[in-house]
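A short worksheet on the structure shown next.
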Amino acid sequence: MSYVTRWLFSTSHKDIGILYLIYGMVSAMVATGMSVIIRLELSGPGPMFLHGNNQVFNVLVTGHAIAMIFLFVMPILIGSFGNYFLPIMIGAVDMAFARLNNISFWCLPPALVCVIASVLIETGAGTGWTVYPPLSSISAHSGPSVDLAIFAIHLTSISSLLGAINFIVTTLNMRSIGIHMIDMPLFVWAIFFTAILLLLSLPVLTAGVTLLLMDRNFNTGFYEVAAGGDPILYEHLFYFFGHPEVYIIIIPGFGIISHVISTYTKKPIFGQIGMIYAIGSIGLLGFLVWSHHMYVVGLDIDSRAYFTSATMVIAIPTGIKIFSWLATLYGGELRLAVPMLFALGFLFLFTIGGLTGVMLSNASIDVAFHDTYYVVGHFHYVLSMGALFSLIAGYYYWGPAMFGLKYNKVLAEVHYWLLFVSVNIIFLPMHFLGLNGMPRRIPQYPDAFVGWNVVSSWGSIMSVISVLIGLYSVLVQLTNGENEREEIQVTPDYLESNNTRDVRDSDLELITSRPAQYHTFSELPILIQQI
């Protein structure tokens, strides 16, 4: 098998997982570059780096959001870690549809090309990632930029749908003998629920943006008021996907954090069944709250009361997860390895993001907060410190298993501390700006807001330095990393003293060779539970 053939036509879940990882890192660099330009423009009250070209500012906001969400976080958390480890954890030979797995990856590089092209062609897609009509209609954005952004969303949707079908079928049908659904590790449950969410929500998004595409190019009037359409319909279709999407991003992170905390406290996760039900509840409730993004469009009072209450209910299963992790930490033999540092950072910062979310769930308060930097601060605490920290924790936890090479612990710790400090310096001031009424998506602002904006922009520069240190850490690992090949990794210590189960199925990835062989199991494992 030649090198080109192996990587282009691969049907191995491990090779495809590594391709997703490389792709996600490239997309992350593109998206981070855009975010830095956004923050540099906001470092002063008047026109700064973009010379007053506000359209370019909004184009960067659109590109940053689409690249970060669809091309970075989802491909790595679901595509890379999910593909690589889910079959190993359930004792499967490979994914159920191995060739489908290949095409679901190769839908993504054209999506990145479309996003970059949409930024560079004509005036760009200055719509924000929500792509609301009438701003995204042909009258406001006449060039092909918005069409390209829609095509990028179509491609990522196809990729995610095919992947979701694959994950569901693999999980249900390809578990090894002795692994029942209830025994599956929390990361497998997380990917399973995420796949169900993708399967139910993505068709709605695809329908919504396809109608927009037809409005733009075929003179239909779905969102055109003069033709009897309604732009609010688009908001309902978009957010029926958009809210489950935030859980699609964070639920795999929950799974990773569970594994990391379990390993580095030498304890099984507190309340495993409760954790599974909590993930399922979060996923279900995520479909019932979409209009909390739309309190200011003129919903009647009953709708606002319902969506406020339903949104607050999501805090209950989320709280169960947070407190179960804390209960696992309590009395555990903590080892502050790098993945554990990121997991602890995740717990602290994700909780803060959740608390600001509870405030935003109130319809009456949200009227004041809507479209201010308070919202930007909230969702970046959840994404930039929830999803991102869990993603990096997953890389440092499983990276040695994927590549058979150890990372430099000093570099990794510097990466953690600098990132932890810098993301707080960026996003904490945004809450203060939002409370004072600074609107989102607007590059110029009154002088009164300059102080916190300067602080936030300096934090952005610091975060870029931390990202570069993280990349250098990966480079050192891959070029000069201490060899961990051919070792059979022993199971974590807590299993040896855990009488109920000598080797849990969740640790199959820890007891295979590092890196896992091209064919993980020469014969299928049988897991025997000792009771």
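Every residue, even glycine, has its Cβ placed from backbone N, Cα and C.
Binding of Ca(2+) is attributed by Swiss-Prot to GLU41, GLY46, and the same site annotation extends, among PRO429, PRO439, PRO443, to PRO443. Among HIS243, HIS378, the residue that Swiss-Prot places alongside HIS292, HIS293 at the Cu cation binding site is HIS243. Among the ranges 80-100, 269-289, the stretch that Swiss-Prot annotates as transmembrane segment is 269-289. When the Cα of PRO443 (Ca(2+) binding site) is compared against those of the binding-site residues HIS64, TYR247, HIS370, the shortest separation belongs to HIS64.
Just so you know, the Cβ of GLY46 (Ca(2+) binding site) picks up 10 other Cβ atoms within 10 Å once every protein chain is counted. Taking the mean position of the Cβ atoms of GLU41, GLY46, PRO443 as the Ca(2+) site, the remaining same-chain residues with a Cβ inside 8 Å of that point are LEU42, GLY44, PRO45, PRO47, MET48, PHE49, LEU50, GLY52, ASN54, PHE57, GLN444, TYR445. Comparing ASP371 (Mg(2+) binding site) with HIS293 (Cu cation binding site), their Cα atoms are 10 Å apart once rounded. Neighbours of HIS292 (Cu cation binding site), defined as other CB atoms within 10 A of its CB across all chains, total 23. Excluding the listed site residues HIS243, HIS292, HIS293, the same chain places TYR239, GLY242, VAL289, TRP290, SER291, MET294, PHE307, THR311 with Cβ atoms within 8 Å of the centre of the Cu cation site Cβ atoms. The binding-site residues listed here (GLU41, TYR247, HIS292, HIS370) include no residue with a Cα within 10 A of the Cα of HIS378 (heme a3 binding site). The largest share of C-beta pairs under 8 angstroms with the transmembrane segment (340-360) comes from 414-434, of the ranges 185-205, 414-434, 458-478.
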